[in-house]
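A short write-up of the structure that comes next.
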C-alpha cells in the first residue's frame, strides 16, 4: 500500500514523497510541517524512513506518527498527549495508570461522581424511605456506605472524604428544603414529597377535597347523633321526675331498666341458644330465625324522647322543647335537623350499625353468632353515657306500642 507525505516549502509549494516499498501490514504515515520563514538554505537533513533523504534544511519540525496496526485482537492503542510514544494494551487486562496522570488529578476525577447532584439523590432516597429522620442519621449512613466502598483509601484521605460527605449532605438537605421536598423542624427532618406538575397537583387536591368532605359528613353525623342522645336523655329525666312526683314514691325495683342496655327481640317460635361467660360480660346467642338488636338510644327514639328529630316529624312545640334541652350554641343545629337541611340524620331502625343490627336467616345458616355485652357495645357512642338516668317501664302504654305481642324480649 502506497503512503504519501508532504512538505511545505518556502515558496508555498507542496512536495510529495511516495514510498512504494511499504508493506500493507506495517504502513507508517508521517507528516512533517515547517514554518516557511525558518527555511534558510537547502541542506542535508535526515528524515524518517518513509521520506528517505532530502536536501532540505529544517530548523523546527513536528512529527505525528501512527504506529503499525496491532495484529492481536482485543488490543487498543494508548498514546500520550505529552510524548509521541505509543504502546498497545490488551482489553482483557486492567490498564495501568497513565504515566502522565498525577495522583491529584485522579482523585479529582473520582470526586466528580460524588458532587451535589449525586448526594442530593442519595439524601432524597434516604429521607423518602425513612419518612422522618435527622441530619446526623443520614450523614452517618452515607459515610458508612462510601467508606465501605473506598476501603483502600488512606486514613488521611478517608477523614477528608467523611468531612466532604457531611458537607455535601448538609448542602443537599438545604437544596431539598428550598424545593419544598422536605421540611425541617429543629433537628427533625420530614419527607413532604417530590414536586409534581399542575395536573397531578390539581388531581391530588381534588382527592384531598373529597376526603375532607367525607370526614365533614361523618363529623356532622356524629354531632347530630350526640345531639339526639342529649335530647333523649334529658327528656327521659324530665319524664321520670314527673312520674315520681305523680306517684309520690320511687318506682318499684322490678319496673326499672338501667342504662345502658341492649334489647334482642324475635318471634316466639324462634329457638334461642344462649351461652354466658363466667364474668357475665359476654353473651353468645344462636338463633334459628331472624331477630333484631336495639340499643337504649334506639328504644328512646321509638318512645318519642328525641322529639321526632330522628324521623323529620318534629312539630313546632317539639322543636321548642328540643332547643331548650341543648346548649345555646347547638340550637341552630337542632333547627336544621328539624327542617331536614342536614343530610344523613334519619336512619332506619334495626338497620344502622350504630342504632341496631338485623341479621337474616341466611346469616344464621352460615353460622353467624352474636357476642353481646352489658356495656351497650352495639352503640357507637356508649362513651357519652356515664351516670345516665333510669327508665321506668311496665305501666306506660308507649312500651306496648313499641313491641308487638308476638315478640318476646331478652
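Our numbering is plain: 1 for the first residue shown, then up by one each step along the chain.
Heads up, the Cβ atoms here are built off N, Cα and C, so glycines get one too.
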Segment assigned the feature region 'Disordered' in Swiss-Prot (from 329-369, 370-410):
370-410
Of 145-201, 259-315, which range does Swiss-Prot call region 'DCB2'?
259-315
DSSP-wise, what's the residue breakdown of the DNA-binding region (113-195) into helix, strand and coil?
56 helix, 10 strand, 17 coil
